Amino acid sequence: MSNYDSLNDCQRQAVFHTEGPLLLLAGAGSGKTRVLTHRIAYLIEEKEVNPWNILAITFTNKAAGEMRERVDQIVGFGSDGVWVSTFHSMCVRILRRFADRLGYGTNFTIYDGDDQKTLMKDICKRLEIDTKVYKEKMFLAAISHQKDELRGPIEYETQVFGDFTKRKICDVYKEYQATLKRNNAMDFDDLIVKTVELFRTCPDVLEYYQDRFRYIMVDEYQDTNTAQFKLVSILADKYRNLCVVGDDDQSIYKFRGANIENILNFEKDFEDATVIKLEQNYRSTQNILDAANGVISHNIGRKEKALWTENERGEQITVRQCMTSFEEADYVTADIRRRKNKGEFDYKDCAILYRTNAQSRLFEEKLLMANIPYKLVGGINFYARKEIKDLLCYLKTVDNAKDDLAVRRIINIPKRGIGAASLAKVQNYAVDRDISFYDALKDAANIVSLGRAVAKIEPFVTFIQTLRSQAEFYSVHELLQSIIDMTGYVTELQAEGTDEAKARIENIDELISKIVTYEESTKEPSLSGFLEEVALVADIDDQDEDSNHVVLMTLHSAKGLEFPNVYLTGLEEGVFPGYASINADDPDELEEERRLCYVGITRAMKRLTITCAKQRMVRGETQYYPISRFIREIPIRLVQTGREQVKTEQPAKKMPDVHSPYMQAKKAFKSKAFDPNQFRVKKADSLDYTVGDQVRHIKFGVGTVENIIDGGKDYEVTVNFEKVGVKKMFAAFAKLKKV
Ligand SMILES: Nc1ncnc2c1ncn2[C@@H]1O[C@H](COP(=O)(O)OP(=O)(O)OP(=O)(O)O)[C@@H](O)[C@H]1O
Ligand SMILES: [Mg+2]
């Protein structure tokens, strides 16, 4: 029996309201997600609903995992049957079963952004479009936008009229969809679109899922787009037990087609809907909450909400304007270290949030030099690395050789001497006959124009066929090992012998570990299953729960999460809010930025620090920025500037002169020869190691000191690490220990 006493009256009301449409509209940290998990428990325990009949949709795989955990905790066992998933993974599951009803193979491939770009390049070439005038990205964005609104090429055509650009987009859209289908592939948007299409065209399938999902719940409902909304309304149409929870003040995905109207109009679409509001915040201190309310109250188009808390007032919010973005990163890094040393916060309690991904770099560098473990959420994704993509494309080819892009990526890996001209001939042959590229390769002997190239193509086809027969009885990791052995992929890297090659081999090892982990944790592991899991790993899911590290991420990735100690950085006019939103004709663009700021502030539980820099380097040039309007929107009584604290915090011995290096930095900015490292402060005590010594670095492990240069302000030490190769670092920050 779970404890519903831990809920407040309104929360309990929402949990107990199980029949009929329900809208839970409530501010940040008011327990919306918590209500959903308790509601699932209540349905199973008290209403004796079969877990099998419950569907809960979350925004990220990470959130889905968290919700599953929480439900497991409350319900104990029996909750396995509940579907907790994102829109996308739910649709994949449905389509893997029924895609054949739409004329796709159920083993269809899911294209990621890179795949889409390659495909679009191909199509533009085929349609002889000048990509200097019409960018591939423009076509992809336009198509994606149409899909968000559930408009296929045919529906779109009715809107084209005489518009020349729209005509072009329409032609490309048609070709794009036709090629995807020929490749037995879907892009991310298709997953939703095709599921809706499936439900609309196959009443028996729809009824099956309607009967199955009698109770449907959607978290972060404010960020659903039209297609997703349609999908849930169709599913819920029979039993009407749809519960959506959201916060219109946290709608931050308009640029991706999210439709804030979905939440504002829920009451119109479901006339008998019950609306419950939650107003008590359990997450943040009074000061943090007041700051959030202060900022968001400047938005005009919003439903008024009065969020309050019984939590203590807490510390004031620290606002710190730094001279440069380097100083900003230094400040945040030092603050984290100080609070960690004082025992106030652990690393994992701290999150550094910023507006755009590119802003992470400086923080990364400072954290690395300070030996503070951190995790970048949403940066260069493991799966985007070359060697990983190559091997995954091999696996994809073995799994579903209809994926032209995968086949083309690996056809010359290792080099098989099949030239671009031959590939073009095969491609034409495929297009003419409306068959896949791989099927055309199999038919190479019949492509007369290929001439002697046939002899190069045939062994490749035989090779893939061999792997396919192996796939019948090999596990996924055995199959990958076989691919690696037979292609000589790793052998080649070993022969190359560079540090980069070594790192690539490590990545491949990591991929093997990933497969083995997958195989061990899945009931019926399969090649398709593995590829699907990989395709769906959103960036945010990289986060490693167990270890103790500072988290760096964009504000968008931070949605729904909470951290005791938050740093909201780069609050400058032109950065956040960004130039585009300041100058936009549509005032909602600025309001969306403000909602994003509200999301950022409300991630903080105990402490919030807001930073900005007067100068920041953009594309190699120094730009000057005023303080963000969002800072000015925070009531002044809640704010302290934090300057004193920072000065006293730096031991005078280590940082004898904190300002003058930055004055130099300022000068150096203008010469464009700026190197932030050159202003590091020299360590007072001399080094206890010398050239030839073995040293240990907290992150890189053991290595040999190859060189030490006295840089005046600090020593620059060159170390050859066993694992990661040669690195140059500053002694004061590298904290190398002699071993
Ligand atoms: N009745 C309650 N008693 C104690 N703690 C609560 C209660 N309700 C929620 N909390 C806690 O408050 C925090 C915020 O809850 P939750 O994440 O569910 O809020 P949310 O409304 O989903 O926030 P967001 O809008 O950011 O997604 C969590 O740590 C949760 O455990
Ligand atoms: Mg939530």
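Cβ from N, Cα, C; glycine included.
All TrEMBL annotations are machine predictions without curation.
Feature annotations, courtesy of TrEMBL:
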- A26, G27, A28, G29, S30, G31, K32, T33: ATP binding site (BINDING)
- 5-285: domain 'UvrD-like helicase ATP-binding' (DOMAIN)
- 286-560: domain 'UvrD-like helicase C-terminal' (DOMAIN)
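Sequence features, as recorded in TrEMBL, placed on the structure.
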residue: A26; record: ATP binding site; contacts (Cβ under 8 Å, 6+ apart): K32, V245, D247, I276, K277, L278, E279, K305
residue: G27; record: ATP binding site; contacts (Cβ under 8 Å, 6+ apart): D247, D249, L278, E279, N281, K305, L307, T602
residue: A28; record: ATP binding site; contacts (Cβ under 8 Å, 6+ apart): D247, D249, Q250, N281, R283, A292, L307, Y598, V599, T602
residue: G29; record: ATP binding site; contacts (Cβ under 8 Å, 6+ apart): N281, Y282, R283, S284, L289, E562, T602
residue: S30; record: ATP binding site; contacts (Cβ under 8 Å, 6+ apart): L278, E279, Q280, N281, Y282, L307
residue: G31; record: ATP binding site; contacts (Cβ under 8 Å, 6+ apart): L7, N8, Q11, L278, Q280, Y282
residue: T33; record: ATP binding site; contacts (Cβ under 8 Å, 6+ apart): A63, M67, D219, V245, G560
Taking ligand 1 as the reference, state which of the binding-site residues G27, K32, T33 have a Cβ closer than 6 Å to one of its atoms. K32, T33
Residues near the ATP site, A26, G27, A28, G29, S30, G31, K32, T33 excluded, by Cβ within 8 Å of the Cβ center? D247, L278, N281, R283
Of G27, G31, K32, T33, the binding-site residues whose C-beta sits under 6 angstroms from any atom of ligand 2 are K32, T33
For K32 (ATP binding site), the number of other Cβ atoms found within 10 Å of its own Cβ: 24
